[in-house]
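Residues or ranges marked as ATP binding site by Swiss-Prot: Gly607, Pro608, Asn609, Met610, Ser611, Gly612, Lys613, Ser614. Taken from Swiss-Prot, the feature region 'Disordered' applies to 826-854. Annotated compositional bias 'Basic and acidic residues' per Swiss-Prot: 845-854, in sequence order.
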Amino acid sequence: MTQYTPMIQQYLKVKADYQDAFLFFRLGDFYEMFFEDAVKAAHELEITLTSRDGGSSERIPMCGVPYHAAKNYIEQLVEKGYKVAVCEQVEDPKTAKGVVRREVVQLITPGTMMEGRTIDEKENNFLAALTHFEDGSYALACNDLTTGQNTVTLLTGSVEDILLEVYATGSKEIVVDSSFSKDELNKLTETLKMTISYEDATAIPEGLEHLVKNVSQAKLIKAVGRLFNYVIRTQKRSLDHLQPVEIYYTNQFMKIDVHSKRNLELTETLRTKEKTGSLLWLLDKTKTAMGGRMLKQWMERPLIQKERIEERLEMVETFVNDYFLREDLKEKLKEVYDLERLAGKVAFGNVNARDLLQLRRSLLQVPAILEAISLLDNAYAARLIQGADPCESLTELLGRSIQENPPLSIKDGDIIKDGYNDKLDQYRYVSKNGKTWIAELEKRERDITGIKSLKIGYNRIFGYYIEVTKANLGALPEGRYERKQTLANAERFITDELKEKETLILEAEEKIVQLEYDLFTALREEVKVFIPKLQHLAKVISELDVLQSFATVSEEEQFVKPVLTTKREIFIKDGRHPVVEKVLNGKLYVPNDCIMPENMDVFLITGPNMSGKSTYMRQLALVTVMSQIGCFVPATEAVLPVFDQIFTRIGAADDLISGQSTFMVEMLEAKNAIANASERSLILFDEIGRGTSTYDGMALAQAIIEHIHDQIGAKTLFSTHYHELTVLEDSLDQLKNVHVSAIEENGKVVFLHKIQDGAADKSYGIHVAQLAELPDSLITRAKEVLAQLEGQEEIIIPKRVEVKAQAQEVIPEPVVVKEEPVEIEETKAETEEESQLSFFGGEQSSKKQDKPVLDAKETAVLTQIKKIDLLDMTPLEAMNELYRLQKKLKKG
């Protein structure tokens, strides 16, 4: 390294500690990058790659960005999952001896970003830390640096289960120890697309012990310690806004695994991965950013304590019934900014004057909000606002200190109000009156000299000056002015009087800017004292915001308050899928009941594709989730139990972790439900067994249904195309057949989207293909093949005619295949030969046989065959019927 210049040596020394990050190295007005950083950054940021002499024989790759535009470039890199170490000059270059001293002042990572376009105002930006213990358990700690929120939980289960819980936090970055399994790290980076960081220190850092007072378990403390040590090491600044660690256990909330959350589209849609079209999109009528974040957290973790759910429902009911209270609250909430993130900026030291004005405007709304809620006759409301401090002294302080329209930068002055500081007022008086004096001097000099174009100006190099054009130089009184600068068409002069005033004015202006900066930083420290109170207020206001949001959407969409029962019964009258109904935007939506008394556990749902089976199943799950987060539900009446878990297998399998096949994922999800569901769970299985052969699939589906029915007793909706399974209603007393109705009109299927008792009488597969606009020729051929499979009495099958190039088109002549009288074949081989030929559309055997005389049993079978409506049966149903008739004949 000795061959490099001192500056490059300094760069390499700093870079050695930040090998996994881009090093933004401050050089004057630029942040420069060198060596591999420069090559990679130039590519990622699409900026010019240059080179410079660094003392070695070869030039060093280099690229840079202006310091005033660095924020945008840093955000671009962090968005892509990179880390950026910001290295600043920490001494004045004018007074430095040798190379200017530089230090990394912050490491910016995906999990520690404080602001920017990557930070959604209504979403948390969690940094996760995962700690593995010898007994196979894990502790997961999370921190949102923008709000100061900290959580920790203990996890058990497979590695995939643990990683899915990590995925559920939405974290973009995870901190682990340096010995963490490489295989597990690969799953985090390749599948979950998370940035990996390392931290081996696990002791709680000095000064943060108060944040873990309520945490006694050593494993949890170790995970939190790893998280806090990483945050301190990377941020290198005050963390006064960090909140006490909240412990949560997964069994305290309704458990919904990641696959189920995605299938149900709770917070984002399956197709676009966006909020629009999800349940969160529908329910989010929050007026504050922090309310939006709390709503999402509630949706991620629905409650299972009946009393807590009912408390929320009662508050929502209060807001629904009191329009004026709700509207007044909404108007005030509109004026409340993000108190949590403002508190974080105060602690971090990057809050500006405009931020503090937002804080003041927010606090002005608080007294009226708290007073309105205090008047409610509601124990939950009283408990919610208990201890909430409106911080009126802070409001008053900000009101008399900050100008109404301050600049964005805190170093440009014009931030502090007149009257806040005596010394500042004095400097401003000198500056203001000095400029007035300058204007008066200009007028006086014009009168004395008679030169109307004479003017007094200012620039940073020469200060104040009197400027006279060369044409008027002869009119100047002798000895009155001292020449200062000669221009092409003018001369500039000064006087002793002007010099004196210049000194006073410039000193005052410099002191104003510096004093305002000092006063603002002191004010910022005063605001820090209020951070805990502001965070408590933020939680109160967030909760009120979510509750009014529930009330608003419940009234707008005509939702009803659910009644929670300790019984295992579901009674939903005219239930609707809330999102589908909203998307239909006024078009007719068909509501459906879901009535499952205590002695009814399984609905076996049949019906054609596109008829609404999956929508009906999702509808029940969404109604359940809405109920247990404390929202009204889309129905005219709803009585619901409190479910402990929801398991789903709906839609296309999407394996997040292990890369398994669709059928394997389907079976793993079925296993998850069977292994973990209780009689208090809700299971939704859509077309289980479709990923394998017909008989395997049907056998598995039946076995799963029987196990759920006999061993678990969970409320279950099980949709299937295996119509043969509907006979289970005869042997399973807590299973009921229901179907989605459809009718045929003019050869076309019309879906009624109505759930009715009993099994479906037809699958309408080819009709659905018609709706999908498959080619007419394909549809016609499908009907022909179906007719062959079902043994139709008379089938018209077009001959396949090969048409050679440029040959005349030949229209195939239809061949009529007539059904021979039913006869019992003497040998199995002959029977199979006939069957195979018929299946592939070949000609019947030419072997002539005498027409036998049928006995009474055979005649009865023939009569039954003629009465069968084959177009109303699935291929499997037709085959089963054929076996039954064959057995009947053989018995004879």
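Placed from the backbone N, Cα and C atoms, the Cβ positions cover glycine too.
Taking all protein chains in view, 24 other C-beta atoms sit within 10 angstroms of the C-beta of Gly612 (ATP binding site). Within 8 Å of the centroid defined by the CB atoms of Gly607, Pro608, Asn609, Met610, Ser611, Gly612, Lys613, Ser614, the record's ATP site, lie the Cβ atoms of Val740, Phe751, excluding the listed residues themselves. A simple way to gauge crowding: the CB of Pro608 (ATP binding site) has 22 other CB atoms within 10 angstroms, across all the protein chains here. Once Cβ contacts within 10 Å are tallied over all protein chains shown, the binding-site residues Asn609, Ser611, Ser614 are led by Ser611. The number of other Cβ atoms within 10 Å of the Cβ belonging to Met610 (ATP binding site), over all protein chains shown, comes to 18. Here the binding-site residues are Gly607, Lys613, and the one ringed by the most other CB atoms within 10 angstroms is Gly607.
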